[in-house]
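What Swiss-Prot says about this one:
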- 8-28: transmembrane segment (TRANSMEM)
- 83-103: transmembrane segment (TRANSMEM)
- 111-131: transmembrane segment (TRANSMEM)
- 132-152: transmembrane segment (TRANSMEM)
- 176-196: transmembrane segment (TRANSMEM)
- 204-224: transmembrane segment (TRANSMEM)
- 255-275: transmembrane segment (TRANSMEM)
- 288-308: transmembrane segment (TRANSMEM)
- 317-337: transmembrane segment (TRANSMEM)
- 350-370: transmembrane segment (TRANSMEM)
- 380-400: transmembrane segment (TRANSMEM)
- 407-427: transmembrane segment (TRANSMEM)
Amino acid sequence: MKSAQYSLVLLLGFTLLYLLPLEFRALWQPDETRYAEISREMLSAGNWIVPHFLDVRYFEKPVAGYWINNLSQMIFGHNNFSVRFGAVFSTTLSALMVAWLAFRLWRDKTVAVLSGVIFLTCLLVYGVGTYAVLDPMITLWLVAAMCSFWLGANAQTRAGKAGGYILLGLACGMGVMTKGFLALAVPVLGVLPWVIAQKRWKEVLLFGPLAIISATLITLPWALAIAKAEPTFWHYFFWVEHIQRFAENDAQHKAPFWYYIPFLIAGCLPWVALLPGALKRSWNERHIESGTLYLLGWVVMPLLFFSIAKGKLPTYILPCFAPLAILLARHATQLVATPRTLKVNGWINTVFGAVCALIVLLVLAPWGIAKHPIYASHEVLKVIQASIAFLVWALVGYLTTRNNARLWQWAALCPLGIALLVGGMIPDKVVYSKHPQAFVDLVRPELESSRYILADSVGVGAGIAWEMKRSDITLYAKPGELDYGLTTFADAKDNFVSRDDFASWLALHRKEGNVSLVKLLSKDSVLEDSDVPAPDKVYHKGRFLLFFYEKTP
C-alpha cells in the first residue's frame, strides 16, 4: 500500500472511531455532565480562574483540563461533540507523541505508526479517550513529560539538554494545573529505573532545576490568582484531594493492590495476546536497549504507584498505555516472521466478540436466561445492534487469522462496530438512569416553565443545567461532591435544601413561580415518596422522577 493510501486509511479509521460517534451518544452522568456544565459555566461567567459547578465553588480539580474543554465548546458550540472533543484532542496528541518517541527510539516508521495505532485502539484508551473526563488531559501532559525527558537525556549539546528539561517542566506544570501533584510524582517514578541503570544522576541534578523553574513559572500565575480569589483552595485541594484520596483509610474508591491487573489486561484488547511476550522481551532486553528499560519503567513504576495508593479508578492507569503501546508495537513487528502469537491474537478477538454477542442474545435479551434481562421486550432493535457490534469484533478478529502475517494490524478495527453502534444499543434501563438528557427531552416544557429546579443528584442536576443552559439548579437532600462548597461558603447556602426543610421552602418559593423536583430513584425504591408535599404533576421514566409544583397565589 502506498504511503498516501496508508495515510488515507488511517485518517478514515480515526474519523470513524474517534470523531463520527461523539455527537450521537448521550452524555453520561455524573462524569460527562459534570465536565460539560463546569466549562459551560466558565464560558458563561467569563471566569477561567475559579471553577464553579451549579453556581457553587468546585475545588476538586485545577483548571487546565477545563480550559481545553472551554476551547472546544467555544469552537464547536453547545453539543455532545464539543463536550467530548477535548478528550479526543488530548488523546490524539498523546498518540502522535507516542509515535514520535517510538521513531526516536528505533528509527523504524512501521513501529512508530503501529505504536500510535495500538495506543488509540487499546480498549481502555479508546473508552476513556472518547469520554468527557480529565484523564486524557493528564495523560497528554505525562506523555509529553516522558518524551521531553528522553529528548533532553539524549541531546548531544548542553542547549539541547536544557531545552528538553525545560519542556519537561512545562509539561509537568500543565499536568499539575490539570489534575494535581501526581503530575510531578509520576514522571519522577517513571524515569527512576532508567536514571539509576544509566547512572545519569549528575545530569539530572545539573539540569533538573531547569525543569523545576519552568514548571513553577507556568503554574505560578494561576496558582497565585486562585489563592488570591479563593484562599481556601490550596488547603482543600492538597489535603482532601491528594492526601485523603491516595493515602488515608477513608480514601475514595478504595480497592485492593491487584485492582489494576485485570484492567491492564482487558484494556489491551484487541492486542492482548501481544502483552506477555512484549513484557518478557522488554525485560530480557533491558540491559541491551536503554530505550526498552525507559519504557518499561514508565509502565511499571506508575502502575505500582497507583496500586499502592488506596484510592483507585481504572482511568488512573491510562498513562501506562503510552509506553506499553510502543512495547507492543515493537514486539509485534518482531513476530511477523513467526506469527503464531499474531494468530492467537486474532483468535482471542474472535472468541471475545463471539462470546459477547452470545451473552447479549442468550442472557441480556428479553428472551434470555437472565432473571432480570437488561433489555425490555420493545428493545429488540437494540439487541440486534449490540449483537452486530460484537460480531464485527469477532469477524475482524477472524479475518486477521486468515493471513495473520499481513492482516494482523487490522485488529485495530475490532472496536469499530461498538464505536458506531453504542449510542443505539444502550438499554432503556441504563438510559433512564445514566442519561439525564433523555429524561429532560420528555419533561422539557415543565422544566422550561419552572422558576426553580431542584435535583437530588449532582450528576442529574448537571445534566439538567447543561440541557437547559442554566446553572441555578438547587440540590435537594444530597449535597454529594458539592458538600465542601455548599458548607464552607455562606453565599452558597441557598443552593441546597434539606429534606426536612423542603416543605416550608416550597410553600414560600412556589409563590414566585413553578417548581420542579427531579429525583434519581435507587434501584429498589418505590415510586411513592411521603417525604415531599403532593405535587400537581408526576412524571416517571426508569429511575428518573419529576415532581412538578405549579405556582400558587
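Residue 1 is the first one shown; counting continues down the chain.
Glycine is treated like the rest: Cβ placed from N, Cα and C.
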Original post:
Does the transmembrane segment (407-427) reach the transmembrane segment (255-275), going by 3 or more CB pairs under 8 Å (6 or more apart in sequence)?
Top reply: yes
**OP:** State the residues, same chain only, that lie 6 or more residues beyond the ends of the transmembrane segment (288-308) and have a CB under 8 A from a CB inside it; answer 'none' if no residue qualifies.
**Re:** 105-106, 146, 150, 185-186, 189-194, 197-198, 257-260, 264, 279, 281-282, 316-317, 319-320, 322-324, 326-327
Original post:
When only pairs 6 or more apart in sequence are counted, do the transmembrane segment (255-275) and the transmembrane segment (83-103) reach 3 or more Cβ pairs under 8 Å?
Top reply: no
Subject >> Candidates 8-28, 111-131, 204-224; stretch with most C-beta pairs under 8 Å toward the transmembrane segment (83-103) >> reply: 111-131
**OP:** For the transmembrane segment (8-28), find every same-chain residue at least 6 residues outside the stretch whose CB is under 8 Å from a CB in it, and list them.
**Re:** 1, 36, 79-81, 83-85, 88, 91-92, 113, 117, 120-121, 126, 129-132, 412-413, 415-416, 419-420, 422-424, 426, 431, 434-438, 463, 466
Subject >> Outside the transmembrane segment (111-131), six or more residues from its ends: residues with CB under 8 Å to it >> reply: 10, 14, 17-18, 21-22, 28, 31-32, 84, 87-88, 90-92, 94-96, 98-103, 263, 266-271, 314-315, 317-318, 321-322, 324-326, 328-330, 332-333, 409, 411-412, 414-415, 419
